[in-house]
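Participant: To start, I am sharing the structure in question, which I have written as structure tokens.
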Amino acid sequence: MIYDFKAEIIKAKNSSFSKSGSHHWLLQRVTGVILALCSFWLIYFMFTNKNNDINIIMWEFKKPFNIVILLITVTISLYHSVLGMRVVIEDYINCHKLRNTLIIIVKLFCILTIVSFVVAIFYSG
């Protein structure tokens with residue numbers, strides 16, 4: 001019994017998600033660094049407002065700098081989670097149709113969450 005490695009390599013190359021592993025690795029690291037930097041802001045914000053009333057905290061969140069950093073934090077964290085979930089799904093789900101469906105569902109969920117967050121931030125009274 002000789003295992004046909006060429007057939008497996010061809011099958012892997014023809015997969016829709018086997019484009020560039022190094023690009024995916026780099027994106028995972030870059031989003032991780034951005035999240036680490038944003039977490040410093042979040043920790044600072046929490047400690048400086050720990051004794052404040054909820055109205056003061058909401059007023060602080062409505063400042064443009066804080067809105068931008070919060071949007072970056074949520075967007076990058078969801079994108080980082082999409083990258084991680086994609087790797088897990090590709091590694092552990094063997095059925096190609098189920099794999100592709102789950103990846104699309106995860107992406108749609110994260111897009112819907114980001115859009116909902118943006119709407120909630122900009123349309124809160």
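Using N, Cα and C of the backbone, Cβ positions are placed for all residues, glycine too.
Grabbed the feature section from Swiss-Prot, which reads as follows:
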type     : residues : note
BINDING  : His80    : heme binding site
BINDING  : Tyr92    : ubiquinone binding site
TOPO_DOM : 1-24     : topological domain 'Cytoplasmic'
TOPO_DOM : 46-67    : topological domain 'Periplasmic'
TOPO_DOM : 90-99    : topological domain 'Cytoplasmic'
TRANSMEM : 25-45    : transmembrane segment
TRANSMEM : 68-89    : transmembrane segment
TRANSMEM : 100-123  : transmembrane segment
Participant: Summarise the topological domain 'Periplasmic' (46-67) by DSSP state, stating how many residues are helix, strand and coil.
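Facilitator: Helix/strand/coil tally for the topological domain 'Periplasmic' (46-67): 15 helix, 0 strand, 7 coil.
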Participant: Near His80 (heme binding site), which residues of its own chain have a C-beta under 8 A away, given they sit six or more steps off in sequence?
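Facilitator: Listed in sequence order: Gln28, Thr31, Gly32, Leu35.
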